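Quick one: this structure, given as structure tokens, is what I'll be asking you about.
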Amino acid sequence: MGEIEGTYRVLQTPGSRLGVQKTTGVSTLEPGQNLSTAMASSPAKTHERDLPIKIKMLDNTVEVLDIESKYYGQTLLTEVYKHLNLIESDYFGIEFQNIQSYWIWLEPMKPVIKQVRRPKTTMLRLAVKFFPPDPGQLQEEYTRYLFALQIKRDLAEERLTCSDNTAALLVSHLLQSEIGDFDESEDREHLKTNQYLPNQERIEGKILEFHRKHVGQTPAESDFQVLEIARKLEMYGIRFHLASDREGTKINLAVSHMGVLVFQGNTKINTFNWSKVRKLSFKRKRFLIKLHPEVCGPYQDTLEFLLGSRDECKNFWKICVEYHTFFRLFDQPKPKAKAVFFTRGSSFRYSGRTQKQLVDYIKDSGMKKTPYERRHSKVRASTRASNTDVPKQSVPFTEGLRTPGSPASAAVPFHSVHSSSTPTPVLPIFAETSPSSLDPRAPYTRIPEKNTAAPAEAAGRKLMQQPGSPMLQGVGFGIPVDHPQLSSLMLKSPLGLNPAFQVNLNAAGQGSSPLLSPVLSDAGGARIEEDDEMKRKAYFIAKEILATERTYLKDLEVITVWFRSAVIKENAMPEGLMTLLFSNIDPIYEFHRGFLKEIEQRLSLWEGKTNAHVKGDYQRIGDVMLRNMRTLKEFTSYLQKHDEVLTELEKATKRLKKLETVYKEFELQKVCYLPLNTFLLKPIQRLMHYKLILARLCKHYTAEHRDFADCRNALKEVTEMTSRLQHSLIRLENFQKLTELQHDLIGIDNLTAPGREFIREGCLYKLTKKGLQQRMFFLFSDMLLYTSKGVTGTNQFKIHGHLPLHGMLVEESENEWAVPHCFTIYSAQKTIVVAASTRLEMGKWMEDLNMAIEMAKKSTEKSDMLLENSVCNRSNRSSDEVSLEQESEDDIHSSRSSLDRQSHHRANTTMHVCWYRNTSVSMTDHSVAVENQLSGYLLRKFKNSNGWQKLWVVFTNFCLFFYKTHQDDYPLASLPLLGYAVSSPVEADGIQKDYVFKLQFKSHVYFFRAESKYTFER
């Protein structure tokens, strides 16, 4: 069979469970080396002859770089990045075609001449190497511009396949970026001379129709829209590698941020997420993926694919290694120890910064964003003017990578050659421009910062350094050259703007993705004036709507996509129930998909770099809410049927064994992070959220504010809906809780009996012959149940006793039994003594018990007959005696098992958390929790760790669920919050950041950093 030639163990990502140690991967560098010293340690060179290397940039210009013959790949990359003054350089790479004519990436740790066979005649090209799932993760506008050029290239090369409508929309945004607002004759002329798509004449009408709608949109906004549209396409960032499976079927392999992908034609048929992959390796032409046993079971844990040649196989393996390291690891890989005698297999490892290191570097360096020139833009070209005095950016990772004897960086000669296929770009012409201010050979270099700054510039820098203040964006970001306010000023300064105007320009601000903020993304967050508190708070309230809407849509997908797929696959659900369930929830899901897109677009415009008079139209959310709340009223009839849906689903689950099995197995899947029927309540609960958020907006605005009337009318609409559905929601939440408990309790068949209401669940210690024994108590409107955790392997609770509330009496008895926080429960059947963990807990139980007893007195129904029929396996002896005799040592030990123990049943439901944290939760607490659901990005830090990790966090059901991004289908980990105390950090914690809160339970301590004061207070 042959030896494994290359292997890469896919290490578990930090954050996959709380408290896990960081994994940093492996590198081929010697211990103590970095890339700088590695380059320096290569043999000295003496007067090596220069090689002219031609590199095609993303705008199709060709640069010629004279390098020494033994230059390493990293040095060439560094020179290109310096020439472009590219800060977020690690997303990019240089690629070239080998003899077999497929594209491969230039490796940083090898000499160029050992990789490129004919360096003098080969055309290398700059390209995007790593495609992040969310363009909002790109901090710099310039980086997003280059990404948009990559999308343009992929469209032209037919790599990014999509529908005609999508292609036309993408090209229309590219047109807006390059030639400005719609002008039919100019558009048609431009499309004749520029080929964006093969056969673009066929959809030219659609392109023009879309372009007509983009009036007023700046190039930066157009770039963002291009990336937003592209990232949702299945072929976004995909590079095919031809292969075949074991049966010989022709397939395409690809790699992305999420893992290894398998395509048949252009259709994705499988995804092997990094979390499922244990090891990647290759043997000659065979590419091997070893999966974790829990993913595939004990059989066939290794998948095999056959590629065209050994070189192709190794090339794909290398790309997989790099993608995994870049997106999944926190830190630069550690050096790999060299073998003493011999080595076996490839030693290749990724040698650059990870995405997290890159984001942290941009954020911590506090680089001032400077303007740049868009080579293709005619009307709205940003004045990122070039200068022969190019500043040296502080980029420690790539500094000093030059091999000994090579010329200084500033002396490396670059020659700019325009590609013959591309017309010479039209550059903006400024009156009275000094000759040195614009250099056509260096279109992407940044404006140098002078040591002697004008007072206004100094004031601008001071403003930039204040926390939460807008970053100084520099010259002309997104402002049309022919803008009346700008044109007069452009005549007075060599750079087009005088210093005073640069400071005033801050008001327009610079924004990135709708969910990046000044804290989470210091270099590219929302830039909102600090003194404009009203606008600032309204923005964060609108952002909360967006964040929670994203989570809500994912929750709906649990039913509409994932559960539907499970029941169809097993043919487990009757046709009538399928129709009832999905005909009610599908229309709601489709409505909210459109609503979410509208909110995303509004927030991106709110944060964008439009002109002040245009931007004002977008810095509000009331009009969007009013329009959609009126539409949502039409769906009230669907919401009113949710009661019937829940009831029928529960009945069918009891009646049909196959459906019950599918239901239970689905609840164990990661995507079903809450009890399944909880997701069916989300549509009505979401209305309550809208009501609360709109009420907050109305309270925040003054009556004269332009957004106040729309917000008030939207609140009126949603209040009308919630008042009609309020009683239905209370009933549904109670029914959902009863059915959840029915699944988790052994020994009761009819917990969902009519008229029964859930009141409280929690842990108490019951006094028995063996002393105090931990028991889980459940209080209902007609009875009190107590249970213990059994040894069934299902994590369910076994009922030990039941007490009817009719005739019950409760009194404090701490002095009588000499047990802290102790009280006695007298019932008609028996008397029990229980103790709570704290006096506060005891007070809650006694208050709820006394209230429930009063309710039971007034009730005309007798619960005894109900209990006779519902509680199973009763004997003539007291239930407590039965439980004591049958309880084994294993039972006792199992009840102390970890909350995270793997089992065949959910272990993070409220009852399990109460059991392990010695606390309790009431139905009132559940209702309050529903009102306070939140989503958004937070920075998390463990007590003893140094760095902060950015995570998408969902707060619901007394629990924090952690995701890498908002697009993930299931959480990486969760943190149940019952029992935790929330506070601000003390001096001893050593936290020197704003908006940080501390969560602590015993010795477990977590710090979370919010993006704003508003989010922190929420």
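Using the three backbone atoms N, Cα and C, a Cβ is placed for every residue, glycine included.
TrEMBL feature annotations, pasted as is:
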type: DOMAIN; residues: 51-331; note: domain 'FERM'
type: REGION; residues: 370-403; note: region 'Disordered'
type: DOMAIN; residues: 537-728; note: domain 'DH'
type: COILED; residues: 639-669; note: coiled coil
type: DOMAIN; residues: 757-854; note: domain 'PH'
type: REGION; residues: 873-905; note: region 'Disordered'
type: COMPBIAS; residues: 891-902; note: compositional bias 'Basic and acidic residues'
type: DOMAIN; residues: 931-1018; note: domain 'PH'
I'm a bit unsure how to read this: which one of 51-331, 537-728, 757-854 has the highest number of Cβ pairs shorter than 8 Å with the domain 'PH' (931-1018)?
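If we count Cβ pairs closer than 8 Å to the domain 'PH' (931-1018), 537-728 scores highest.
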Can you check how the pLDDT averages out over the domain 'PH' (757-854)?
86
Using DSSP, tally how many residues of the domain 'PH' (931-1018) sit in helix, strand and coil.
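Secondary-structure breakdown of the domain 'PH' (931-1018): 9 helix, 41 strand, 38 coil.
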With DSSP, how much of the domain 'PH' (757-854) is helix, how much strand and how much coil, in residues?
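Per-class counts: 20 helix, 50 strand, 28 coil.
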